[in-house]
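**Student:** In case it's useful when we look at the structure, here is the feature table from TrEMBL:
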DOMAIN    1-322  domain 'Major facilitator superfamily (MFS) profile'
TRANSMEM  7-25  transmembrane segment
TRANSMEM  37-58  transmembrane segment
TRANSMEM  70-90  transmembrane segment
TRANSMEM  96-117  transmembrane segment
TRANSMEM  138-158  transmembrane segment
TRANSMEM  178-198  transmembrane segment
TRANSMEM  210-232  transmembrane segment
TRANSMEM  238-257  transmembrane segment
TRANSMEM  264-283  transmembrane segment
TRANSMEM  295-317  transmembrane segment
Amino acid sequence: SRIGYHIPMFLGFTIMFLSTVMFAFSGTYTLLFIARALQGIGSSFSSVAGLGLLASVYRDDSERGSAMGIALGGLALGVLIGAPFGSVMYEFVGKASPFLVLAFLALLDGALQLCILQPSRTCPESTKATPVSTLLRDPYILVAAGALCFSNMGVAMLEPTLPIWMLQTMCSPQWQLGMAFLPASISYLIGTNLFGILANRMGRWLCSMIGMAVVGISLLCVPLATNIYGLIGPNAGLGFAIGMVDSSMMPIMGYLVDLRHTSAYGTVYAIADVAFCMGFAIGPSTGGAIVRALGFPWLMVIVGVLNVAYAPLCWLLRSPPATEE
């Protein structure tokens, strides 16, 4: 909010480039750990600044929704290409190859940012941002953040546990472990672009509520699969539903700030990113412990029921009151 969104976006790209090069050439757990931590820092710079930039440029609610749908489609495209591309390149070319390709793409992205966004200029927000502590006391922002956290927690728990379960029950070859996430990525790409426009017409609260219910049902169906083909339906449903939630909740965050606070978006998208990251932090750490204690099917039941139970809370976002009300 103080220096504008362009400089943090460019800093995020620089950090991401360094972490990607580290991944390519790291040979110890410590270096991989540092590279992963750097990647998280760079990603947070880029995602918070990127969403804040879109919210400030697109003030109209429907335009903002479709713009964020396209941006989240970019996220989906990365995930879509990343998992199968990484697993195939790792098996047939070598560990460093996918990261070197990614580093080249990061350089290209940096060049585009320099040409189009001109990140050397400081462009602070015209209005003073609401403090994070105030936004965290807003129940409507917390409900939206919770929806982002719990819906993404499902896929966060799947990422480390599903490949192990596939190896144990399906005897899958290594290249299939990344391919299992391909249906989820394709459907997420479709879902974010489709509901970026549709959600505003049907009601973003309704879109999110249906999305969270479908996330829960899809997770409950995952353990029923006996081979990789049986995973196509549940994973596709999961990706499509998370796309519904993300493309609805990201514009709602900006709308809530416009309606109930001041129209400066850095802090609210920091909260959205923290909620997203909490799902990806809590998911793998608790998922592994639950699998060890109860087994993979029970993990899917727990997180699936949690999503279905949370879904009705999205009704609270149907018509949130303005500050005066």
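Glycine residues also receive a Cβ, built from the backbone N, Cα and C atoms like all the rest.
Give me the local environment of each listed feature.
**Tutor:** Away from its own ends, the transmembrane segment (70-90) comes close to residues 50-51, 54, 97-98, 101, 174-175, 177-179, 181-182, 185-186, 188-189, 191-193, 196, 239, 243, 246-247, 250 of its chain (Cβ-Cβ under 8 Å, at least six residues beyond either end).
Here the transmembrane segment (96-117) has long-range neighbours at 6, 9-10, 13-14, 16-17, 20-21, 23-25, 85-86, 89-90, meaning same-chain residues at least 6 beyond its ends whose C-beta is under 8 angstroms from one of its own.
A Cβ distance under 8 Å defines the sequence-distant neighbours of the transmembrane segment (178-198), meaning residues of its chain 6+ beyond its ends; these are 62, 65-70, 72-73, 75-77, 79-81, 83-88, 155, 158-159, 162-163, 166, 172, 207, 228, 231-233, 235-244, 246-248.
Same-chain neighbours of the transmembrane segment (210-232): 147, 150-151, 154, 158, 162, 166, 169-170, 172, 176, 179-180, 183, 238, 240-245, 248, 296-297, 300-301, 303-308, 310-311, 314, counting only residues six or more beyond its ends whose CB sits under 8 Å from a CB of the stretch.
Residues 51, 55, 61, 64-65, 68-69, 72, 76, 130, 135, 138, 140-141, 144-145, 147-148, 151-152, 154-155, 158, 183-196, 199-200, 204-205, 207-208, 210-215, 218-219, 222, 263-265, 268-269, 271-272, 317, 320 of the same chain lie 6+ residues outside the transmembrane segment (238-257) yet bring a C-beta within less than 8 angstroms of a C-beta in it.
With a cut-off of 8 Å between Cβ atoms, the residues of this chain six or more beyond the transmembrane segment (295-317) that come close are 139-140, 143-144, 146-147, 150-151, 153-154, 157, 161-162, 164-165, 204-206, 208-210, 212-213, 215-220, 222-223, 252, 283, 287.
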**Student:** Near the transmembrane segment (138-158), which residues from the same chain, at least 6 beyond its ends, have a CB less than 8 A from one of its CBs?
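**Tutor:** Sequence-remote neighbours of the transmembrane segment (138-158) are 181, 184, 208, 211-212, 215-216, 218-219, 222, 235, 238-239, 241-242, 245-246, 249, 252-253, 256, 260-261, 268, 271-272, 274-276, 278-284, 286-287, 299, 303-304, 306-307, 310, 313-314, 316-317, 320.
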**Student:** Return the average pLDDT for the domain 'Major facilitator superfamily (MFS) profile' (1-322) as a whole number.
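**Tutor:** Looking only at the domain 'Major facilitator superfamily (MFS) profile' (1-322), pLDDT averages out to 85.
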